[in-house]
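**Student:** Dropping a structure here in structure tokens format, bear with me for questions.
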Amino acid sequence: ACAPLYHWRTLKDSPEKDPVGTCYVAIQNFSAYAEYSPCRNSNADPEGQGFCQAGFSLDFYKNGDLIVGGPGSFYWQGQVITASIADIIANYSFKDILRKLAREKQTGVAPPSYDDNYMGYSVAAGEFTGDSEQELVAGVPRGAQNFGYVSIINSSDLTFIQNFTGEQMASYFGYTVAVSDVNNDGLDDILVGAPLFMEREFESKPKEVGQVYLYLQESAFLFRDAQILTGTEVFGRFGSAITHLGDLNQDGYNDIAIGAPFAGEDRRGKVLIYNGYSNGLNTNPSQVLNGAWASQSIPSGFGFTLRGDSDVDKNDYPDLIVGAFGAGKAVVYRARPVVTVNAQLILNPMIVNPDNKTCQLPGSQLLVACFTVRVCADFEGQSISDEIVLKGELQLDSLKQKGAVKRTLFFDYHQSHHYFSIGIERQKQPHCQNFLVYLRDETEFRDKLSPININLNYSLDESNFEDSLTVKPILNYYQKSSVTEQAYILVDCGEDNLCIPDLQLSAMLDKDQLIIGEENCVMLIINPRNDGEGAYEAELHIRIPPEADYTGVERNNK
């Protein structure tokens, strides 16, 4: 933990205090600590490290070594400092407050043109050169003439390797940086926040919405053009915090959390969760956390700081820590285990013969045509109990509008929908449940051509998870919780049950003369013929002149 505004009284005669900043490293399971203040030295005042604010940003290499940002050093040029945790602990002395570690590394002073750049405003660690050694990434939000940039810095000698520059002046590009292998290609990617970015749809009314840039690494020193995520709320400061979450939904791709600490109702703040995939991040968040618990403080600053990829509750899923500076609190959001359900609908037979009436309705002598709807399901997921219960809903003939005649009904319930529960054990074979469905009599409906849609909707029965202290599982967000299959009514249309009629039509009048001034009764004789397969629901439309009155129709089925 760091205190970047920590002051100490310098060695000068004047009673001044310099905000050098300091950090504390906990050891022995928080039973003791060691202080580390790399800028607390004789090189004071603004031109030195007196305003360093060490610990303004912080990260760790994978070997545990520390990266510290000090954006106020050298007239606010800023700097980054690296040190070994082992050295910090071994050399800690309460009396020797001006000590310097032997293996400590610091970036030095630059020409005056770099003043007020704020290097070290944000830091992160990642591998970008193709070797096994990690480099560090540092944000410089006021560099490049206030366009901001982010530098990749060699960890061995702190030389600068590569820069990414912002696209808009004063957007604070580099305010925050994060590293994650988003697309699971084995290469670290870089995310950069620009929370003051303005969307200029109309030049006279720019909107400050914030942006986050994702640079996918393709090989050493080579990155794709940035994928850009743009905030949606004015003055929400989207991109103020970014953190690598790990794989929340167990799809093989790492996920990212982005803070917008002044978004939402009463500007209480939001945290948006974005899921990774093979080409970067999904552009729509899968979840949005609202800091309702912190709303008593205005502004609460919920999402101002984030930390992820730490399994706090040991359920094999990464959790998220969110800070709200206005409330003076940080909270842990525990990740829910993800259940991926594989559900199937199997219809037997899929083509129903209305003449094959083999099922007798209960309490009746009536025989009906019937078929079986088989629901099968299994599941997979990490840290989930060996049995889950699904709540299911089956809808028959679901494409028919409300109030229309449903052509099929459940055999035992005489309804077109049915609610049920199905218990599934973790096993190799799916668990199945059968439902008998029957076809209404042909006199009760006309439509024989359109398919009979059978729809299954399902959800987790959370009441089955008894332990109230356990984070309850959730269904996979990116998998549909519904399955649809179609049954067909057998018609006289060949083996494919697809009707291709060949309709022929002839028409003639029963007289060829009309007497003007008298009431003439005329019969229009129409002879239809079908030379192809069955023509169901065929209609004949006749348009008569406005001078004529329609009186009726005579049918002749010969």
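The count begins at 1 with the first shown residue.
Any Cβ shown, glycine's included, is placed from N, Cα and C.
From TrEMBL, for reference:
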| type | residues | note |
| --- | --- | --- |
| DOMAIN | 335-491 | domain 'Integrin alpha first immunoglubulin-like' |
| DOMAIN | 493-557 | domain 'Integrin alpha second immunoglobulin-like' |
| REPEAT | 40-92 | repeat 'FG-GAP' |
| REPEAT | 159-224 | repeat 'FG-GAP' |
| REPEAT | 225-283 | repeat 'FG-GAP' |
| REPEAT | 287-350 | repeat 'FG-GAP' |
**Student:** Counting by DSSP secondary structure, give me helix, strand and coil numbers for the domain 'Integrin alpha second immunoglobulin-like' (493-557).
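**Tutor:** Here the numbers are 0 helix, 14 strand, 51 coil.
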**Student:** In this predicted model, what is the average pLDDT of the repeat 'FG-GAP' (40-92)?
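**Tutor:** Over the repeat 'FG-GAP' (40-92), the predicted model scores a mean pLDDT of 93.
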**Student:** What does the DSSP secondary structure composition of the repeat 'FG-GAP' (225-283) look like, as residue counts for helix, strand and coil?
**Tutor:** 3 helix, 25 strand, 31 coil
**Student:** May I have the DSSP-based helix, strand and coil counts for the residues of the repeat 'FG-GAP' (159-224)?
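**Tutor:** Summed by class, the stretch gives 0 helix, 31 strand, 35 coil.
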